[in-house]
Amino acid sequence: MDAKTDDKDAGKCPFSSGSHAHRNRDWWPDQLDIQVLHHNSKKSDPLGEAFNYAEEFKKLDLAALKQDLTALMTDSQDWWPADFGHYGGLFIRLAWHSAGTYRISDGRGGAGAGQQRFAPLNSWPDNANLDKARRLLWPIKQKYGNKISWADLFVLSGNVALESMGFKTFGFAGGRADTWEPEELYWGPEGTWLGDSRYSGERELSDPLGAVQMGLIYVNPEGPNGNPDPVGSAKDIRETFYRMAMNDEETVALIAGGHTFGKTHGAGDPSLLGPDPEAGALEDQGLGWKSGYGTGFGADAITGGPEVIWSQEPTKWSNHFFENLFNFDYELTKSPAGAQQWVAKNAEPSIPDPFDPSKKRLPTMLTSDLALRFDPIYEKISRRFFENPDQFADAFARAWYKLTHRDMGPVPRYLGPEVPKEVLLWQDPVPAVDHELVSEQDIAALKAKILASGLSVAQLVSAAWASASTFRGSDKRGGANGGRIRLSPQKDWEVNHPAELAQVLSKLEAIQSEFNAQGGGKKVSIADLIVLGGAAAIEKAAQEAGTAVTVPFTPGRTDASQEQTDVESFKPLEPRADGFRNYVSSIRHQFMKPEEALVDKAQLLKLTGPELTVLVGGLRVLGANYGHTTHGVLTDRPERLSNDFFVNLLDMKYAWAPSPTTTGIYEARDRKSGELKWTGTRVDLIFGSHSQLRAFAEVYAQADAKEKFVHDFVAAWTKVMNADRFDIVR
């Protein structure tokens with residue numbers, strides 16, 4: 001029997017999840033949101049905290065799985081028939097669009113977590129009908145269970161699609177563990193699909209975005225804002241592909257390689273498409289874009305607007321894309337859906353129909369395809385690929401591998417028998433350990449030498465933080481391993497105090513040289529010494545504040561060379577702001593408030609709210625501020641690891657007010673005398689203003705929290721220092 005729903009109070013959800021319920025964000029939209037720090041916790045993982053995907057993947061029979069995927073490619077289903085009898089084009093698009101959300105600015109997006117299963121990605125206009133691809137994969141995912149994640153399966157399906165059509169891929173690595181809830185990412189300011197208010201000035205795309213319109217992966221295939229201008233399209237392509245770490249050659253290879261296969265779908269009026277998966281009815285069971293045009297699928301399929309087939313053999317690897325690009329001139333036309341596209345002039349029908357073998361079509365191209373011919377830089381590369389198919393095949397194989405693996409981090413995270421032996425520069429390689437590591441006795445001796453070197457607690461802590469805090473949990477780049485703080489571009493970043501950093505490194509290098517010259521095969525890297533110096537300084541600072549503590553240290557980091565470091569690709573890791581050091585760049589554009597940038601940085605470091613809180617409080621009293629400013633250094637005993645920051649911030653003896661002379665600075669004055677006692681920034685004051693952060697701060701300001709504060713700080717510090725240590729068990 002159905003539940004009664006017509007009573008006055010019946011059917012009302014007691015939680016704030018109803019469509020008309022007011023959430024805190026509705027009442028206070030400007031409130032700092034720190035919930036992003038607690039998303040995708042193990043508590044939301046149905047596989048449990050003990051589940052280890054890397055270990056489970058090792059049990060996978062990859063060859064059998066690939067055999068099943070190969071069979072799927074030609075197993076056309078009546079409910080969503082395969083174009084040309086082969087699903088290859090569909091699964092290439094699935095893998096591409098899973099990986100293609102990656103952006104180099106903050107490392108977010110990409111294929112690494114299977115996020116295409118969730119909103120908003122599962123309902124983006126550019127991902128229309130990829131829900132069908134995911135449903136086609138379900139029987140295979142069901143069969144192999146936890147041995148293969150959705151994230152890995154999406155990418156592998158694209159590889160198998162290519163291989164099943166005669167292309168030799170560069171390789172495949174597993175290791176992408178699924179997440180179980182949508183990531184809260186900033187995809188743009190627009191409130192409507194395909195909106196483009198992300199631009200300013202002369203079509204300047206705002207940071208950190210990578211696509212030209214809301215709901216697109218890269219560019220509008222019809223041209224900028226639907227304007228069929230190939231040269232203008234090339235500008236959009238260059239910008240968006242650069243923002244996902246692709247150069248011009250990789251860009252050409254990816255577009256041409258992907259468009260060697262399959263087709264676009266614009267058989268009829270797009271207004272006949274039903275709602276996307278997230279907006280669909282219960283009975284639609286997560287499938288969206290139900291079409292009212294004809295049968296709604298097969299020859300009547302509508303995904304977007306254009307109806308384009310690029311190749312005479314759309315289920316085989318070939319050079320037909322470039323042959324058609326250069327051998328014909330094109331004139332503007334419209335698809336059956338009314339979209340702008342191009343058709344070959346003076347050509348004979350040579351393109352197969354996807355469902356009727358008796359029919360042939362004229363060669364067609366997208367505006368974004370013609371960009372590869374009419375942009376002078378792209379044209380030169382395209383013509384070389386046209387004349388040298390082997391170079392094209394190699395470039396596409398490498399670019400596809402980079403596209404689908406860019407957010408996986410260092411090679412030690414790569415799993416499976418198809419991982420290439422060749423190490424690539426974009427993987428940020430570090431040398432293998434080829435020597436005996438330091439012992440506990442050595443560590444103690446090295447700490448003593450570091451503390452006797454004349455370097456201060458603040459200098460050592462600052463150097464260690466600068467080295468390790470470059471880590472991004474999004475694409476697993478950065479971190480202390482490799483010691484790249486010694487190299488360009490990091491050694492010259494404003495936030496790292498280049499002159500002072502050079503002094504610190506010089507003294508640590510002298511200690512390293514002396515130790516490594518002892519012989520016996522035992523060595524220590526600068527990367528390890530930087531982290532060890534921070535540990536030694538924290539132990540000293542804690543001891544002087546009255547708490548004895550040992551900061552955990554695991555040796556094994558190695559020193560990368562400048563040749564192993566792609567300077568251009570490391571530039572986006574330079575912080576615009578780092579609230580942990582009270583730093584805001586004076587020359588780079590800020591698109592977040594300082595406190596928002598702090599939370600953003602904490603999320604990239606995979607920190608929780610309490611960890612963020614204790615680290616800021618500790619780093620302030622240790623003197624790790626940029627420029628050695630005293631803003632937020634709320635203590636009369638700096639370089640001692642005390643909870644003074646929290647005690648004094650929350651002390652009602654002082655009243656805070658904006659500085660009358662300096663924007664962004666606040667002054668704390670004695671309520672009775674008016675005497676100036678402290679200064680702070682927005683990042684400092686947020687721990688007294690924001691109710692949840694204040695709750696954390698109150699814990700550390702309590703009289704019984706002195707030891708807890710030190711131990712919690714050390715735990716959070718160690719987490720950051722080891723964030724990129726995928727070689728150790730944690």
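Using the three backbone atoms N, Cα and C, a Cβ is placed for every residue, glycine included.
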Of the residue ranges 1-24, 25-48, 217-240, the one that Swiss-Prot records as region 'Disordered': 1-24
Surrounding CB atoms that lie within 10 Å of the CB of ARG93 (site 'Transition state stabilizer'), all protein chains: 24
Alpha-carbon distance [HIS259 (heme b binding site); ARG93 (site 'Transition state stabilizer')] in Å: 10
HIS97 (active site, proton acceptor) and HIS259 (heme b binding site), distance between Cα atoms, whole Å: 14
HIS97 (active site, proton acceptor): secondary structure state under DSSP, collapsed to three categories: helix
Entry from the recorded positions list HIS97, HIS259 having the most other CB atoms no farther than 10 A: HIS259
For HIS259 (heme b binding site), the three-state class that DSSP assigns: coil
